[in-house]
Each structure stands twice: as C-alpha cells, then as structure tokens.
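Record features (TrEMBL):
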REGION    295-319  region 'Disordered'
DOMAIN    501-512  domain 'EGF-like'
TRANSMEM  518-538  transmembrane segment
TRANSMEM  550-569  transmembrane segment
TRANSMEM  575-599  transmembrane segment
TRANSMEM  611-630  transmembrane segment
TRANSMEM  636-657  transmembrane segment
TRANSMEM  673-694  transmembrane segment
TRANSMEM  700-719  transmembrane segment
Amino acid sequence: GLFVTDYFTRTPRKLSPFRSFASIELFHFHIPEDTVIAVWNLITFKEQGGTFGDQCPDRSITVYFRSGAPSVINPLHTHFPRDTAVPGSFALTLTWTLPNRTTGVFNVTSPLPGDWFLAAHLPKDEGKISVKGLYEECQYLFQPQLIVQRLVNIAVLYPGHVTEQSMAPHNRSCLYKVFVPSYTSRVLVEVLRCHGAEGCPLWLRVRAKAPPLHNSTALDCREHSPCQLALDLPFWQHWYYVLVEKHPGVLGTVSFQVTVQLTDCSRPSLARPPFLPSSASMNMPHSFGSAGGLALGDNPPPASPNATKNPVPVPMASPASERERCWPVRPTLRNELDTFSVHFYIFFGPNVSVPPDRPAVFVINLLPVLDSGGVLNLELRLNVSSLCGENVTVFGCLNHEVPLTSGDNASVTCETESLAGFLLSVNTTASLSRLRIPYPQTGSWYLSLRSLCATEHGFEPCTNVTAEVYLRAYLSPCINDCGIYGQCKLLRTNNYLYAACECKAGWNGWGCTDNAEAFSYGFQLLSTLLLCLSNVMFVPPVAIAVRSHYLLEAAVYIFTMFFSTFYHACDQPGIVVFCIMEYDVLQFCDFLGSLMSVWVTVIAMARLQPLVKQASVLYLLGAMLLSMALQMDRHGLWNLLGPSLFALGIMAIAWTARTIRRRHCYPPTWKRWAFYLCPGALIAAAAVLLYAFVETEENYFYIHSIWHLLIAGSVGFLLPPRAKPSGRLGPLPRRKGCGYQLCVNEQEELGLVDPAVASINSICTS
C-alpha cells in the first residue's frame, strides 16, 4: 500500500528530580489511525549558564509511555491508597553517550491510535535548598520527537459483502478493516474459495483499533477448514483490522475471498444486513476509505464472475444465548461542577435494583482528553435489608469500551482473552466496595452488575431475590483530595490539564497515604517550636537598640521577630500549623523585615548623622527599594546581596571620610574591633554560609533555626553605641556677637560601647 510519513515535535523542557507526579514533565501526542509504526526520538542535552554543560554530572532520565491517558508511575515504590487500580505503562531509561547530549529511540509497531502521553523526570535528589543565582545550575533539557508512518486507502470490508482478492507472487499480505458499531456481540471473519499452490497457505489475523501484530488473534487456514475466525465481545465503535498473509516460502499467486459477519445482540435472531444505505443505520463514521470498499450511499459494485452474489450464511447462535449476552444499557447524566469534578447520575437512581435473572448495565462516558487527567471513582453500597436473609453477593464488572455480560451467569471474573476489567463485590459482611482509577482512559466505561447466591458448590444464580445497590460514580481531581498531608495541584502542559498530589511532612504516595517516612507529631511540634522560638534571639538586639536610643532600629527588629515567628508557624508542612493572616503576606513581611534589619544595622554602623544632614532619608529609600525588589523576585540572590553591599558601601565611605578627617583609623579603639566588630562579622558570615551551602530539606528545621540565632546575635555585636551627654557639666555660656560654635563629641567618635565608662567632655570652640 501507499505510506505517508508524519512528523511531530515538542519544545525542549527542563527536567526536575522526581518527588511526586507534580514534578514530572508531561508531553501529549496524537497518533492518527492506520499507523503501522511510530518512532519516538528522545533528545536530551545539558545546559549550564547558557552554554553546553560538559561539566554537569550524568543523571539518568526515565521516560514513560502510555496510550489514552498519562502514565501512573511509582519510581519511589510507595504504597497506593486502598481500592486503587494501577494501569500499566512502558518505561525507558536513557543513559548518556556524549558529554552533553544523548539520544534514545522508542519504536511501537502498529500503535493504538489516539492520544499518547510521555512522562519524563530525573532521579530523586538529596533535596538541597539552593539560593537562586548563587551559582550556575545544571539544567537537563528533554525534547521528544515523533515520526509516524501510516497506510492510506486501506480496503474497507462491509458486513455480509464478499471481497475478492488475488495476491501476486511478490505480495506477502493484504490488509482490510471493518467498522464495528455498538451492540455488536460477535465478529466473524472468514476466508472463502482459497486457491494456491499448496491448498490455502494463508494466515488470518484480526486486531482491534490497529493493524495486527505477530501475536494478534490468528488462524492458520491450511489447518482449518472452513477458515473462520470469531471474536466475541468486540470493542464497540472501533475499526477492526483483518490481515491475510502468506506462509513463509510460498510462491505463486493465491486467490481468495474474505467476508465479515457482525452479530447484533439487540436483534438476536438477525445478523447485520449485507448492505445498508446510510451510515446512521450502522453507526459508522464518515471517515471511510474508498479503496476496496463501498462509499456510503453508493450501490454495491458489480460482482465479478467468480464472486459470490449473496451474503455468505453464518451459523448463528441461538436466540436464548444471545439474550443472555446482550442487555439494555442504562445511560448516566453528566453533571460538571468544576475541572475534574464531574458527577454521573443514574436515571431513577442512585438506588439500583439487580434482578436475579439478568445483569444491570450502565455506561459512563468520559470526554476525550478532558477527563483523562483526573480520578474515576466508583462506589457500591449494598442494601442488606433487600436480601430477605439470603446469602447474596452482587458482583460489578467495570470494562472499557464494551460491557462484559457473559452468558455464564455463575462466572465472577471480569476478564476474557482480549478484554480486561475491574471487579467489585458487595455482600452482607462487606456491604461497601470502592474503586479508584487514576488517569482513566477516555471513552465509554460499562458497569455490569450481577447478583449471585453463595452455595456449597460456589456461586449460583439466585431465585426470587432482587438486590438493591446504591451506586455512585464521579470524577475527582485527586484521590481523597490528597488528605491532610498533601495538596491537590492542577497542572497544565500546553492545552492539556491534569491533577496530581504534592505531599508534605514526609508523607508519600499517589494520595499522600504512605507514612513510611512521615514525620511524627512530636517531630512536627519540635520543628515548629525551633523555628518560631529561635526568633526570641532578637530580644537582646532590641534591648541594646532601645538602650542606645536606636528606636527606629528597634522597631525594625521587633517587626522582623514578629513576622518571622508567625511566618514559620504558618509555613510548616504538617498539621502543626498556625496562620494569623494569608501565607503570602506573612512571607513578604518576613523577607522584608529580614532585609530591612540588615539595612538599618549597617546604616547605623555608618554613623551618617554628624556627616550628612537628613540621613534618615536612607532608611525610607531602603524600605522602598527592598519592597520593589521583593515584589520582583522574592528568592533571588541579589535581593539579599544588593542592599547589603550598597549599605556596606555607604558605611565604608563614611568610615573612610572620618579616617581622613581625623587622620587615624575609625573606629579608633582596638577593643571595638576585637570584641564587637570582628566577632559580629564572623557570626554573620557563618550564618550566610549555613544558609547558602548547608541547608537542605531534611535539616531545614534546625539549620534555619541556627540561622535565626546567628543573625540576631550578630546584630547585637555590630550595632554601634549611642553617646549620651554627660550631666555633670552645665551648658557653657554662649559668646555674644558673630561667629559659630563647633561641638565635637569625642566620645561618639571613639565608638565606645558604654558612654558612661569614659568622662571625656564635649569641647566647644568658636
């Protein structure tokens, strides 16, 4: 046939270490119908500081693939919540082949059409808390590319119509497809009038949704006569692909006829007619290929001399067995409350009656793409009083795209050779059953309820007992809203929305229910008290500032102590949390107070008042600039270093001016340097080093508490003294006449800690 190649690519994205599904990068692709091969080219490269990251360490990258919905992954091997079904997915680990670049390839032969999702992440790291902008971070960028090759003009088979085919010696196979509408209970594919060099050297393979593979349902026509392949419980509203291929080594031309018969379970005594004039009669889509088949509304093509003019009769099952196989499907009403918050209401429900002689079937329709990013929840509750004392068990089978209503009424399985489902059961001892499916595949989900009675020989059909079951089905963003130790986050990748839990306080898992590494209540309480009470260390600097008449500085320290205490009380990951106002307000005030404390301390050390009039303008300027910087980037490195360096520059200029004017070093006393300035600077430097290089998520509670103690302690050492005028000397008489008076307070110039120690008087000269 004729092949067409399509190419799709996505923008490179930065990968993050795995902590929860909220930290992965999700990519969405769409594979068209009739695709025979899909090749993903997975490109990964390193960057550091805008250039190639040759010096970055090699970190493995894990990529997950799943059709229909995002992958439900568990790389940390945590426990899932109870009653949670975990769908499978493909996984691939990429290793580095070049210093700064690697490429991986993932091939899928005959992939399922529709939505495909890729999820990628880095391994979990040690959780180091790094200061933004301190050093160039290694970035790992991931870019997937998709190349698909699909067939065009695949021959379409019409139910009941015979198609003739002659396979030339150079051809190995012929591919057809047939559309299976709703309420089809059986598909029968048959090869007729097969003539070849060695009888009928053909293989017959059938597969739903995509062209057959080597392990698809197959039949050797050489060993079976007639060559018929029957499929029970086919997928509704999907294409089925029929592949007829030669045996290996067969030469010559092989001629045959192929026909398909569909059994309509809504009309058990009839098979589908050979030809219907409109697509509505068969629920067939309008995207038919025309080669080898009929265009809708056309008349059947004239038959060749060797063609069969009438439909081939197919042995039909008895009407009784068909009635056991097909039952009316009750729809549900969709009520959308919010994103991923959808309730499915049952007409004349929510209480459902399950008769003993037939199953009750319901359908839940999930919208394409839109509903696959949440959690499908199902709840069954048995009304024990309706059983009249009988030992009745109600089984529920939830299957995708086709209801499983087996003719064997005593069967309690929800699986067949080609169909897998989820089983629920309720009885008198366990009257409640739940099922959660994270990231469900979209389309139609069918729930079949059956009531069976337990006997000594197993389960048997009940007699004259109609069970009543409360049924609840709904779509939610996360499982139980992630509990009290998690936060349900709504995430977006391009135009696709999905939800995931982000756990805290050491809790893990898909619903934040795994407490293997959880923090105890005592540890949470201790951590909160450490972070809050460590701010009491600001009390001595406040007392020193008040005693030295630095009232503005004291007010800033009190502001910092107050908001730092309540910010950390509100910032805790566990349940020991206390918030007096919004979190964002507390965080802004805590950061502003911390930076203002550094600013006012360094400006006070500069002693600008004797040199610059109206030096208080700098305090107001600092507050405005710091507020602007915090609003721009609250976690940036220069928000801390910028104001600090600017204030230190002002202090250095002021000290240099005093040194030049007085012709000796300022401050002049070695005691001030040895006992106050040098220890204070060392303590502050140690605090900055701990904050920038030692702090991690695991040691945050005590390292950050030590940071509080060191910063507050350094302020007590660095804050300069304020000179007090001596009260033993009265004011000197002022000379009458012109002139000016210059007063020099030598005690202030010396920078002593306690002005009462020295008795040096102020000297005034005219």
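The backbone N, Cα and C atoms fix where each Cβ goes, and this holds for glycine too.
Because the structure is a prediction, the values reported are computed rather than measured.
Secondary structure counts, DSSP: the domain 'EGF-like' (501-512) has 0 helix, 4 strand, 8 coil.
Among the stretches 518-538, 550-569, 575-599, 636-657, 673-694, the one making the largest number of Cβ pairs under 8 Å with the transmembrane segment (700-719) is 673-694.
Looking only at the domain 'EGF-like' (501-512), the predicted model's pLDDT averages out at 91. Remark: the transmembrane segment (636-657) contacts the transmembrane segment (575-599), by the rule of 3 or more CB pairs under 8 A.
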